[in-house]
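Copied over from Swiss-Prot, here are the features:
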type	residues	note
MOD_RES	Met1	N-acetylmethionine
MOD_RES	Ser17	phosphoserine
MOD_RES	Ser19	phosphoserine
MOD_RES	Lys21	N6-succinyllysine
MOD_RES	Lys21	N6-acetyllysine
Amino acid sequence: MRYVASYLLAALGGNSSPSAKDIKKILDSVGIEADDDRLNKVIS
């Protein structure tokens, strides 16, 4: 859920196609580590 929420935050912020790096940056800002496998499933 955290990955979907981060993706949606990036999209609402004006990024029409958020990358994994964008989502990781959002998660890092609140102290959450990103799992690359799960993150890539959300992006693809």
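Cβ atoms are placed via backbone N, Cα and C, with glycine included.
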Work out how many Å separate Ser19 (phosphoserine) and Met1 (N-acetylmethionine) at their Cα atoms, rounded off.
17
Between Met1, Ser17, Ser19, Lys21, which of the modified residues has its C-beta surrounded by the fewest other C-beta atoms within 10 Å?
Met1
Integer Å value for the Cα distance linking Lys21 (N6-succinyllysine) with the residue listed as 'N-acetylmethionine' is 17
When DSSP is mapped onto helix/strand/coil, what comes out for Lys21 (N6-succinyllysine)?
helix
Rounded inter-Cα distance in Å - the residue listed as 'N-acetylmethionine', Ser17 (phosphoserine)
18
